[in-house]
Amino acid sequence: MPAAIGRAGRTVLKREGDGATPIAPMKLLYGFRRGERPMRLETSLSIRRIRTDMLWCDQVEDPNYNRLVKAPFRPSHEEMKRKDGLYDVCLVMDWNITSRARNRGSAIFFHLIKPGYEPTAGCVAIHPRDMRRLLPFLRKGTVIRVL
């Protein structure tokens, strides 16, 4: 199935803000979904409903780097409840989460595509139809492998 990756392609030397998708096997940890948008999710992954106060810290120097945080939050962050629909289904891959290192990249998710399969900021993105087809087979620990 087609997928979009980072606007800078792939890399084995992932750095914060480089726009590249890490070349690595990444285990799925859990996911998020927009509750008010209709999409039935059949999966054994733990899926949390996105709230407006959910943010993801991308400030390298902050102790919460590459972690879910709650608004209000002053350091640099990304809003999980996006207007563009990319995170209507958003699965968290274990890139720099279990074993965190500063500046190794944050918010590397498996989410929905932009129209035309536009590149991502470093995530892997697929069509909603393909996500619906894959979800029943995904569970915690399923490996998404970027080659």
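First residue shown is number 1, and so on along the chain.
Backbone N, Cα and C atoms are what each Cβ position is placed from, and that goes for glycine too.
The model shown is predicted, which means the values in this text are computed figures rather than measured ones.
Taken straight from TrEMBL:
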ACT_SITE  His111  active site, proton donor/acceptor
ACT_SITE  Cys123  active site, nucleophile
DOMAIN    1-147  domain 'L,D-TPase catalytic'
Long-range Cβ list for His111 (active site, proton donor/acceptor), cut-off under 8 Å, min separation 6+ in sequence, same chain only, gives Leu86, Tyr87, Val89, Cys90, Leu91, Thr120, Cys123, Val124, Ala125
For the residue listed as 'active site, nucleophile', the three-state DSSP class is coil
One finds that other Cβ atoms within 10 Å of the Cβ of Cys123 (active site, nucleophile) number exactly 24
